[in-house]
Amino acid sequence: LEKVTLPDPQGFVDTTEEQRRRQMVEDQMKHALAQPKRDNEERALVVDGYSLLFLIYQEKEQGTDDGYMLSYTNTCKSVVCCRVTPLQKAWVVQLVRKKHNKITLAIGDGANDVSMILKAHIGVGISGREGQQAAMSSDYAIAQFRYLENLVLVHGRWSFQRVSLLICYCFYKNIGYSTCVFWFGIYNGFSGFNYWNDIVQALWNVIFTAFPIFLVSFFNKDTTYQSSLLHFPEMYQDVQKGQPFTKLVFAGWVLDSLVVSVLAFWVPVFFIEPYSTRRQGWDNGMYLCSFTSQAAFATIVNIRLWYSTTTWNWPVLICHIASIWSYFVFTFGFQYLPAGFGPGNFIKGEYVKMCNAFLFNGMAWSAFIMTCTLALIPPFLGWAYTSSMKKPTKSQQVIRFEAGILAEQAKLDRIPTEEAWAAMLPILTGQQEAEALGSDMFEDPGPYYNPGPSFGPTPVSSPAVQPLSYA
């Protein structure tokens with residue numbers, strides 16, 4: 001289907017009857033385009049398969065310029081194409097993709113929808129009476145059309161946010177880690193010696209920084225309840241605009257990573273390299289600098305993820321803490337293995353005893369604390385600013401509203417269920433107070449419940465919950 005192109009009008013016999021019909025369609029579209037659109041007017045277009053064929057011809061003849069169909073559909077709220085062939089469905093999707101450069105979603109339940117589903121960016125198939133062809137050809141399969149709302153507004157939004165964070169964070173922790181080797185090359189005259197220990201470097205993305213982002217990408221969500229996203233579908237506009245993954249957001253992560261790499265390398269070198277603090281009078285050398293840099297970098301990278309974590313539960317919390325300690329636990333056991341142990345002689349030289357050297361070296365601890373502090377203050381200030389903006393976005397308004405309600409209910413040791421929250425929303429967003437609801441709509445909080453703090457400030461300060469003013 002990737003090779004399917006728009007039909008060639010020269011490949012068909014243009015009879016007098018076809019000319020008459022084509023002229024009639026063009027006259028109708030010209031008349032529709034000539035009508036000025038009034039304020040608050042909603043338009044719709046209904047086109048049959050035969051007329052659609054002529055309109056597709058006209059779109060191809062216009063080249064990169066919009067023809068009658070796309071020019072008019074830009075002003076329409078909905079377009080209905082009826083009695084069209086499967087290939088015509090694919091042509092319509094292709095037109096929108098190429099000329100409007102939009103992300104398209106196609107949904108169908110039968111074999112005649114397969115070409116359209118394959119041509120769209122996102123294909124959704126309905127498994128039902130029409131067979132399994134559409135479901136088997138789609139990216140996502142659902143049982144009924146009504147599940148599309150949850151798929152797009154809830155899981156689609158959360159998935160986009162999670163994948164965006166996953167991509168940015170993986171680049172963040174690896175760009176800075178690799179750039180430290182570049183700074184070391186400048187420092188030692190590009191001798192070719194590796195600043196990091198080989199086996200520790202190999203385990204960087206396997207043990208020390210792998211599990212927190214995996215769990216955060218699995219659990220993270222900015223709202224506690226799905227009903228909030230369904231009640232306020234305007235929150236989906238953030239995803240439509242690509243706000244979680246813009247060029248500016250990605251550049252911010254990369255810049256932060258480069259700053260961390262500068263601090264993680266040069267601060268330990270400045271603190272440790274000029275001094276000899278060992279009892280034997282030896283210089284501290286490269287290995288202690290490398291150990292301190294890697295310990296600081298692992299700590300910074302893991303703590304930095306806390307600022308982007310909005311869902312805290314016991315697995316996420318334990319994984320965050322364990323990941324920070326994993327580097328120290330591994331290297332502590334690492335030093336008691338004999339030198340030269342393992343394939344490739346990975347454990348060698350003075351690095352074997354570096355954990356003890358670090359623990360009893362005041363300059364190394366000073367470098368470690370200074371590096372972590374300087375690297376984590378800027379993103380913390382950015383996180384604090386976005387969490388307390390005086391002019392929050394629509395999504396932040398809803399998130400703060402939800403967090404305020406949950407904080408009030410947490411004081412009473414109760415938490416709304418998903419069903420109770422869905423029933424409460426129409427009342428809470430109206431002019432009635434939360435006390436109008438009976439306590440039987442609540443249940444005791446579960447072991448994974450964490451009220452409010454991970455969602456930012458809680459503006460509600462009185463038991464009478466104020467209604468959300470939302471435009």
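Glycine residues also receive a Cβ, built from the backbone N, Cα and C atoms like all the rest.
TrEMBL annotations: computationally assigned, not manually curated.
What TrEMBL records for 135-389 is domain 'P-type ATPase C-terminal'.
Within its own chain, the transmembrane segment (163-187) is flanked in space by residues 193-196, 204-205, 209, 213, 216-217, 220, 244-245, 249-250, 253-254, 256-258, 260-262, 264-266, 269, 293, 297, 301, 304-305, 308, which lie at least six positions past its ends and keep a Cβ under 8 Å from the stretch. What TrEMBL records for 163-187 (among others) is transmembrane segment.
Same-chain residues lying 6 or more positions outside the transmembrane segment (199-219) and placing a CB less than 8 Å from one of its CB atoms are 162-163, 165-166, 169-170, 173-174, 177, 294, 298, 301-302, 305, 308-309, 311, 313, 315-316, 319-320, 322-323, 326-327, 330-331, 334, 342, 346-347. According to TrEMBL, the transmembrane segment annotation covers 199-219 (among others).
The list of residues near the transmembrane segment (248-272) in space but at least 6 beyond its ends in sequence, with Cβ under 8 angstroms from a Cβ of it, reads 164, 167-169, 171-173, 175-177, 179-180, 183-184, 187, 195, 284, 288-289, 292-293, 296-297, 300-301, 304, 361, 363-364, 366-368, 370-371, 374-375, 378-379. For 248-272 (among others), the entry in TrEMBL reads transmembrane segment.
As annotated by TrEMBL, transmembrane segment applies to 284-307 (among others). If you look at the transmembrane segment (284-307), the same-chain residues 6 or more away from its ends with a CB under 8 A from one of its CBs are 169, 172-173, 176-177, 180, 193, 195-197, 200, 208-209, 212-213, 216, 256, 260-261, 263-265, 267-269, 272-273, 275-278, 320, 323-324, 326-328, 331, 349-351, 354-355, 357-358, 361, 363-364, 367-368, 371-372, 375-376, 379-380, 383.
Sequence annotations record features per position, and here TrEMBL assigns transmembrane segment to 314-337 (among others). Residues 200, 203, 207-209, 211-212, 215-216, 219, 291, 294-295, 298-299, 302-303, 305-306, 347, 352-356, 447-448 of the same chain sit 6 or more residues outside the transmembrane segment (314-337) yet have a Cβ under 8 Å from a Cβ within it.
The transmembrane segment feature in TrEMBL is assigned to 357-385 (among others).
Annotated region 'Disordered' per TrEMBL: 452-471, in sequence order.
Per-residue confidence over the domain 'P-type ATPase C-terminal' (135-389) averages out at a pLDDT of 86.
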